[in-house]
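Here the structure is laid out as structure tokens; the discussion comes afterwards.
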Amino acid sequence: CGTLDGAPVVLLLRTRDLFSLPFPLTPPLVTSLSIQASLRGWRLRLLPDSFPQSRRPPPSAHALWKARNSLEKRRRALMELFGLKLEVLPDGARRWHGCDKDTPRCFGTVRSQTPQYLLAGRWTPPCCLRALRATVRHVVAELEAAGVRYWLEGGSLLGAVRHGDIIPWDYDADLGFYREDVPKCRWLAAVASGGRPVEDPQGFLWEKAAEGEFYRVHFSRINRLHVDLWPFYVRRGGVMTKDTWLGHRQDVEFPERFLVPLGALEFAGVVAKAPNDPRAFLELKFGPGAIENPEYPNPEVRRLAQDVDAR
């Protein structure tokens, strides 16, 4: 009954259907049942005038405030219970329930290049993608302003070529840059000289990665969604190399000609620098057909086909 939510609604459905739901009586009831019904493909018909409420004295302003506050708390608790990170409201407005700068990211340590949400058959939570995009835009702006020669690397370049954005199941972003340009960026220079993390005025945390000779920019001290910055340099024969190799498929040297001159691609809401022949660059790193044949970072743990077929 909608009176549990303070709404003039009566919902009629079979008892066995109601109790087949994982959360049949979780308040706020109308919202809870609507979400669960939509996931099962059930269609609800609203008959607003069929079951009018009985006459009641008008509530006081304080009673209205308490009711709204209580309903909002129940809604937030419901979204947390369901694991929903984003609500798109009827007027198109968005209400976020996931992580932000003051909370940890929505997933734990990534193992075998496979985050927890992929193991559960889900893609990157929208709040995490929002934080990653904000971090990318911030880092690109800082590097551009400092005159650092950088470019989209690895999976970030794949995402830019495929659809101009972060790959929908990715958990970080990657940029390469010329190692000799470290002194140009005050944040990279401060980390390189001091050896300690540096927080900039916008709350992004710059640090040297514990795994090797590269840098990392986090969304915040608490929220560790990040952009990896890989310092490359030219060795004999005009080949770009670096000092840390993590054994990823795309971790290979490449000719500097891909960077002279640099190109540009849309990515995460900005126009970012990129290799001048993205297709050839990606096929050198990932193999032929890398753009047209998407796959998860570690198919031995989980394959994209498992989730695409389910969708």
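Cβ atoms are placed via backbone N, Cα and C, with glycine included.
The domain 'FKRP stem' annotation in TrEMBL covers 1-89.
The annotation domain 'LicD/FKTN/FKRP nucleotidyltransferase' is assigned in TrEMBL to 145-182. Here the domain 'LicD/FKTN/FKRP nucleotidyltransferase' (145-182) has long-range neighbours at 107, 110, 115, 117-118, 123-124, 128-129, 132-133, 135-136, 139, 188-189, 192, 225-233, 240, 242, 248, 250, 259, 262, 265-268, 272-275, 278-279, 281-282, 285-286, 290-291, 294, 296-297, 304, meaning same-chain residues at least 6 beyond its ends whose C-beta is under 8 angstroms from one of its own.
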* List the helix, strand and coil residue totals of the domain 'LicD/FKTN/FKRP nucleotidyltransferase' (145-182) as derived from DSSP. => 16 helix, 9 strand, 13 coil
